[in-house]
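K.L.:
Sharing the record's features from Swiss-Prot:
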BINDING   HIS14, GLU17, HIS106  Zn(2+) binding site
BINDING   ARG56, ASN63, ARG64, GLU164, TYR275  substrate binding site
Amino acid sequence: MNKINRVAIIGGTHGNEFTGAFLVKKFQQFPEVIQKPSFETLTILGNPKAFEAGKRYIEKDLNRCFLTESLQNPNLSSYEDIRAKQIAGVLGEENQPKVDVVIDLHSTTANMGLSIILGNQDPFLLKLCAYLSEINPLVKVCYTIPEKGSNFLRSLNKLGFVIEVGAVAQGVLNAELFQKTEQLIYTILDYVEKYNQGNIPKINNLLSLYKFTGTIDYPRNGNGDIQAMIHPDIQFRDYAPLNPGDPLFLTLDGKAIAYEGTSIVYPIFINEAAYYEKGIAMLFTEKQLINFD
């Protein structure tokens, strides 16, 4: 692979996710902390208006506005659609990138710890993630289906990925998570510098990967009203195995609803506040161990 010349760090794609937004503000105030000899690092505050308002978005979810057809559609004129086009103008798109790596910073009310979310299995990303998880076992790596035609910001670039940290409330800064995320970013930038110098650290060629398999909504009645909540046994237990028959939800009158799947899954984004409007109680993943050279 060619040398990496430009890395982009985006925070505040969702305006009420303060960890990434304030890290970008710090990096803009102290740019020397993210600069390396062999490549340039640029920063973008994703959704400035939503950040000022302390809201996830103004009119629509910015992180669902990056479909190629949407970016090329002059009739889409919401604030987030316009902002997506501005960001794509800086970063380029996958077939015409203007940067080499895109790091999109997010936070979650779910207990995701330090998570990396990939949209493809590019060898560079797999080796980076193997390195990160080897030096810090708390780092978990998730993989969604290949995102050709995706509407996520990270899909603008083949080497785009998300850092997702939690649990932290919306519109709140948590110093511990802020510092852990900051250190993770510095480690990534150090890795890129070593990569450019042809001095990639030796790592175990095994990586635990949590592959997205589906979602589940809260139980609802005929009017669409939620009738059950996350069962206490799995609340804040993201990445823990969920076996068939294990309690999944608790109805408003105190009855347990079991997981009816036929195989073990590993739930993530459990009880994410922003997903209530999307009809998602949690995401299901399967745990894989991949071997690469």
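Cβ coordinates come from backbone N, Cα and C, glycine included.
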K.L.:
Give me the sequence-ordered set of same-chain residues, not including HIS14, GLU17, HIS106, with a C-beta within 8 angstroms of the centroid of the Zn(2+) site's C-beta atoms.
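P.N.:
Leaving out the recorded residues gives GLY12, THR13, ASN16, THR19, GLY20, ALA21, ARG56, ASN63, LEU105, SER107, THR108.
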K.L.:
Using the structure shown, find which entry in HIS14, ARG56, ARG64 (the binding-site residues) has the sparsest Cβ neighbourhood within 10 Å.
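P.N.:
Among the binding-site residues HIS14, ARG56, ARG64, the sparsest Cβ neighbourhood within 10 Å belongs to ARG64.
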K.L.:
With every protein chain in view, how many other Cβ atoms are within 10 Å of the Cβ of HIS106 (Zn(2+) binding site)?
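P.N.:
Excluding its own Cβ, HIS106 (Zn(2+) binding site) sees 26 Cβ atoms within 10 Å.
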K.L.:
Quick check on the binding-site residues: of GLU17, GLU164, whose CB has the lowest count of neighbouring CB atoms inside 10 Å?
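P.N.:
The binding-site residues GLU17, GLU164 were compared, and GLU164 has the fewest Cβ atoms within 10 Å.
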K.L.:
Looking only at ASN63, TYR275, the binding-site residues on record, which one has the least crowded Cβ, with the fewest other Cβ atoms within 10 Å?
P.N.:
TYR275
K.L.:
Round to a whole number and give the Cα-to-Cα distance in Å for the pair HIS106 (Zn(2+) binding site) and GLU164 (substrate binding site).
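P.N.:
So the Cα of GLU164 (substrate binding site) lies 5 Å away from that of HIS106 (Zn(2+) binding site).
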K.L.:
List, in sequence order, those binding-site residues among ARG64, GLU164, TYR275 whose Cα sits within 10 Å of the Cα of HIS14 (Zn(2+) binding site).
P.N.:
none
K.L.:
What kind of secondary structure is GLU164 (substrate binding site) part of, going by DSSP in three states?
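P.N.:
Going by the DSSP assignment, GLU164 (substrate binding site) falls within a strand, counted as strand.
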K.L.:
Under a three-state reduction of DSSP output, how is ASN63 (substrate binding site) classified: helix, strand, or coil?
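P.N.:
ASN63 (substrate binding site) sits in a helix per DSSP.
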K.L.:
Looking only at DSSP and grouping its letters into three states, which state does HIS106 (Zn(2+) binding site) belong to?
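P.N.:
SS state of HIS106 (Zn(2+) binding site) = strand.
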K.L.:
Considering each pair of residues in ARG56, ASN63, ARG64, GLU164, TYR275, all listed as binding substrate, report the largest CA to CA distance in Å, no decimals.
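P.N.:
The substrate-binding residues span at most 16 Å between Cα atoms.
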K.L.:
Could you state the whole-number distance in Å separating the C-alpha atoms of ARG56 (substrate binding site) and GLU17 (Zn(2+) binding site)?
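P.N.:
Taking the Cα atoms only, ARG56 (substrate binding site) lies 7 Å from GLU17 (Zn(2+) binding site).
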